[in-house]
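For H79, D90, H186, the entry in TrEMBL reads Zn(2+) 1 binding site. For D90, E125, H378, the entry in TrEMBL reads Zn(2+) 2 binding site. Per TrEMBL, the feature domain 'Peptidase M20 dimerisation' maps to 207-307.
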Amino acid sequence: MINIDRLKSRMLEMAEIGKTNNNGVTRLALSEEERRGRLLLIQWMKDLGLAVRYDDFGNIYGRSEGTDPNASVIMSGSHIDSVPKGGKFDGVLGVLGALEAVESMLEKGIKHRHPIEIVSFTNEEGARFTPQMLGSGAVTGEFSREYIYNRTDDEGFRFEDELKKINFVGDEKNRLDNVGTFIEMHIEQGPVLETSQQTIGVVEGIAGFSWMEVTITGESNHSGTTPMSHRKDSLVTAAIAIKKISDWAKNEPEGIVATIGKIQTNPDIINAVPGETSFTIDIRCPREDQFEQCVKEVKEIIEKIVNEDSLTYSINEIRTHSPVIFSNRIVATIEEVCKGQNLSYRLMSSGAGHDAMYMNNIAETAMIFVPTVNGKSHCEEEDTLWTDIEKGASVLYETLASLAE
């Protein structure tokens with residue numbers, strides 16, 4: 001159905017660009033390494049006879065024209081940028097899997113009424129320029145060009161200047177247009193498919209998230225002379241709240257998670273009672289009807305614990321995005337393909353954000369997941385079996401062919 005040897009060869013060749021000592025990848029957005037990856041991708045697209053263009057955000061498109069050029073575009077792809085010391089499958093699988101699907105169609109002489117476009121979005125990871133998914137967000141109305149162009153990395157370099165440096169400032173008229181459907185194949189980046197021994201994840205949506213920074217204020221004092229009974233220790237109160245939040249999440253339905261990613265105390269020295277403790281919370285919830293209640297319950301836990309210890313607190317809501325629900329029609333199409341290929345699958349939600357999240361704003365969207373070995377991703381150990389990649393790419397191929405007829 002697809003040529004796994006060809007797909008594997010391309011993925012391994014791309015993995016050489018930015019390769020780390022432990023067989024991972026560092027290919028940050030708009031870096032020299034990513035520039036080389038972009039040029040390689042464009043060469044492969046041109047080798048297939050695709051019409052290649054890139055827009056004013058550096059998003060790359062390769063178009064296989066349909067018999068009806070005015071029909072809505074069927075689009076598939078992902079990203080080729082990585083996190084520092086990341087894996088070689090994250091994002092790249094979706095781009096090169098789509099390329100392989102289109103090449104297999106062309107080899108078989110399959111005509112498609114709808115144009116098919118392969119896309120590689122800029123700065124999906126957000127590892128260099130925050131926030132994540134700037135390229136897809138730019139072309140779906142989520143972010144303005146001014147906002148994106150003025151994003152800076154940790155060294156103060158501007159997005160626009162770095163885009164110019166790698167010579168990938170395209171024309172605004174090259175942005176995606178008339179996209180009716182978007183399908184993104186991706187590694188799961190979690191353990192669910194592997195542990196349940198299922199081959200394909202048919203993704204129904206993406207979990208909503210709420211990022212908050214909580215600051216608990218007590219009183220700083222000398223650690224040796226302040227009796228335990230007289231302390232207002234912000235860190236102890238924070239620790240109790242953190243444990244309660246973790247316990248709460250463990251008792252919630254599948255897909256609801258809570259993570260404490262950063263903790264900072266003040267004065268942050270060994271011999272003083274912490275007068276102030278700040279910590280971040282990342283709440284994820286896949287269901288629209290539960291999302292706001294989840295956030296509310298976490299806030300109530302914090303309020304209760306802090307009040308019991310007679311301290312004070314504040315919450316800074318950093319960023320919130322409601323759950324994304326994908327197209328029932330596209331999800332059903334992928335399901336039928338899995339059944340036709342006798343592949344085990346499960347309907348699931350993605351806990352991580354992807355370009356599909358923003359593409360869902362403008363097109364019927366869904367995702368295809370393949371298993372991740374040991375559920376490990378965003379690390380050099382990231383791995384997916386080639387047999388699973390072959391099955392996932394075959395599902396993508398047949399889904400695209402069906403929708404593009």
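Glycine residues also receive a Cβ, built from the backbone N, Cα and C atoms like all the rest.
The Cβ of D90 (Zn(2+) 1 binding site) lies under 8 Å from the Cβ of S82, V83, H186, I187, Q189, S377, H378, E382, each of which sits 6+ residues away along the same chain. Long-range Cβ contacts of H79 (Zn(2+) 1 binding site) within its own chain (separation 6+, distance under 8 Å): G91, V92, G94, V95, S120, F121, T122, N123, E124, E125, G135, D355. Ranking the binding-site residues H186, H378 by how many Cβ atoms sit within 10 Å of each one's Cβ puts H186 at the top.
Listed in chain order, the extra residues whose Cβ falls within 8 Å of the Cβ center of the Zn(2+) 2 site residues D90, E125, H378 are S82, V83, G86, G87, G91, A127, Q189, S377.
All protein chains shown were included, and the count of other CB atoms within 10 Å of the CB of E125 (Zn(2+) 2 binding site) stands at 22.
As a summary of secondary structure, the domain 'Peptidase M20 dimerisation' (207-307) carries 40 helix, 31 strand, 30 coil according to DSSP.
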